[in-house]
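So the structure is just underneath, and the comments pick up after that.
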Amino acid sequence: MKITNICCIGAGYVGGPTMAVIAQKNPNIKVTVVDLNEARIAAWNHDDLEQLPIYEPGLDAVVAEARNRNLFFSTDVDGAIEAAEMVFISVNTPTKTYGKGKGMAADLKYIELCARQIARVATTDKIIVEKSTLPVRTAQAIKSILDNTGNGVKYQILSNPEFLAEGTAVQDLMAPDRVLIGGEQTEEGLKAIQALVDVYSTWVPDENILTTNLWSSELSKLTANAFLAQRVSSINALSELCEVTGADVNEVANAIGKDSRIGPKFLKASVGFGGSCFQKDILNLVYISKSYGLNEVADYWEQVIIMNDYQKHRFASKIIQTLYNTISGKKIAFLGWAFKKDTNDTRESAAIYVADQLIDEQATIAVYDPKVTAQQMESDLNYLGTRAEEENERFLMSIKDPYEACKDAHAIAVLTEWDEFKTYDWQKIYDNMLKPAFVFDGRGILDHQKLETIGFQVYVIGK
Ligand SMILES: NC(=O)C1=CN([C@@H]2O[C@H](COP(=O)(O)OP(=O)(O)OC[C@H]3O[C@@H](n4cnc5c(N)ncnc54)[C@H](O)[C@@H]3O)[C@@H](O)[C@H]2O)C=CC1
Ligand SMILES: O=C(O)[C@H]1O[C@H](OP(=O)(O)OP(=O)(O)OC[C@H]2O[C@@H](n3ccc(=O)[nH]c3=O)[C@H](O)[C@@H]2O)[C@H](O)[C@@H](O)[C@@H]1O
């Protein structure tokens, strides 16, 4: 079966970039990305590419090439579903905040709504592709909803999890380590798998396209994120041991990373991992394990989250303790608010939790981030619900100039590893700070020797 029309429900961090690349690489396929959020769709359609709703290096060029050629962004969800032979579901699957599984399980209400909408609208057979990250066996629920509408339309469900990382989304999509496609191992299922393989094989080498059964594919996504996050928690756990023993976490990471069985990537000690997915996906894995009665398995993975929470808390406590256990009324400058560099995404960013703990002690936080808006910072902090919004407003400010953010500060904390922080005039920053001037490098990116020569007192995670 040759696909000529694709619809993707959800124009977010995954749906937008993924479909832009599929459209760019398949000029003969019409790709329509739909969303309920009108402002988001308007931003995707904006003439000024700087106004795209997502900042990803290289994304503007891909969108510029494909948009209005064979890539369209629209709020007409029904129309796009009806016209498509293949419908990707790329909506959000956050952690549940209510009811059974609250704080652990994935909230599948948006997925179910999509399935019901497809069932209501479709009049021709369709391949439904799970692009969102889902608990293992979700395809069964989607199939059950679709198959019980009784209007004669036939569906095949595929799982095609996305492995892109933010900040490198376009690069990851252009040259993925692998594309994973799971489907039913029946004649019809295998045909559907092949149809999706054909979409990717216009640019991904065959050996990088893996096909599996549905459940292996769904579970591989949660597993991949759990393994990645586990590496960060493992090195972060060691970072504290380094600090008390005189070992240097970078030297340890380098030494173990040379072992080809361990490998060098994802061993950077930090103030803790953030992002919309690691925590949510591990909590989901923990919940699924518990629901099957696998309590030891659940406890094992939960420890990755416990360690991560501890690392954020430990960093904030280190700042408080170093500033003579009193930070009330002191200005602390934050360099970075995003959960990693090269993205404007702040979901679950360590910066939010560190700020919250410092504001509890009545410090004033002046944040500079090259891509995050003041409004976003405020809403992130308010979302925690720790204190009244007016109070958050009083203690948190976003400053558009890094030198201004650091002026008259008692301390600077580096929360995101933006490259530009390394290029600053640190002598000028030092001259304008209160003394002693402290730097807490939560990302280990600055030239610490140089900073100490200037006169800073420097704390680096893992040293
Ligand atoms: N953010 C990331 O880097 C990655 C995310 N994922 C997974 O991909 C999925 C989507 O994540 P993001 O793109 O980050 O989420 P997002 O929140 O940025 O985007 C989801 C979009 O879906 C829309 N939506 C929700 N329900 C809808 C409906 N019924 N009809 C039309 N639109 C609807 C929302 O308005 C929103 O714009 C999640 O399951 C996530 O775990 C997977 C890999 C990477
Ligand atoms: O499912 C998802 O959402 C995605 O989650 C992660 O991607 P992402 O969260 O965008 O970014 P990462 O590069 O994985 O970084 C996650 C967090 O870990 C931190 N990190 C990463 C690596 C490291 O060595 N140390 C470290 O602290 C980062 O600063 C960041 O806060 C995975 O890398 C993607 O493969 C996956 O598709």
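Placement of Cβ uses the backbone N, Cα and C atoms for every residue, glycine included.
Using a 10 Å radius centred on the Cβ of CYS277 (active site, nucleophile) and all shown protein chains, the other Cβ atoms total 24. Here TrEMBL flags CYS277 as active site, nucleophile.
Marked as NAD(+) binding site by TrEMBL: 10-15, ASP35, ARG40, 91-95, 132-133, GLU166, 277-280, ARG347. Secondary structure from DSSP puts TYR13 (NAD(+) binding site) in coil. All protein chains considered, the CB of TYR13 (NAD(+) binding site) has 24 other CB atoms within 10 Å.
Annotation source TrEMBL lists substrate binding site at 162-166, 221-225, ARG261, 268-274, 339-340, ARG443. Secondary structure from DSSP puts GLY272 (substrate binding site) in coil.
The domain 'UDP-glucose/GDP-mannose dehydrogenase C-terminal' annotation in TrEMBL covers 333-448.
Of all the binding-site residues listed (ASN92, ASN225, GLN279), ASN92 has the fewest other CB atoms within 10 A of its CB. For the recorded site, GLN279 (NAD(+) binding site), the DSSP three-state label reads helix. Here the binding-site residues are ALA165, LEU222, ALA269, and the one ringed by the most other CB atoms within 10 angstroms is ALA269. In the three-state DSSP scheme, THR95 (NAD(+) binding site) falls into the strand class. Less than 6 Å separates the Cβ from ligand 2 in the case of ALA165, ASN225, CYS277, drawn from the recorded positions ALA165, ASN225, ALA269, GLY272, CYS277 in sequence order.
Proximity to ligand 1 (Cβ under 6 Å from any of its atoms) holds for these binding-site residues out of GLY10, TYR13, ASN92, GLN279: GLY10, TYR13, ASN92.
Long-range Cβ neighbours of GLU166 (NAD(+) binding site) (same chain, at least 6 residues apart, Cβ-Cβ under 8 Å): TYR13, GLU56, GLY275, PHE339, LYS340, ASP342, THR343, ASP345. Applying DSSP to the domain 'UDP-glucose/GDP-mannose dehydrogenase C-terminal' (333-448) sorts its residues as follows: 46 helix, 19 strand, 51 coil.
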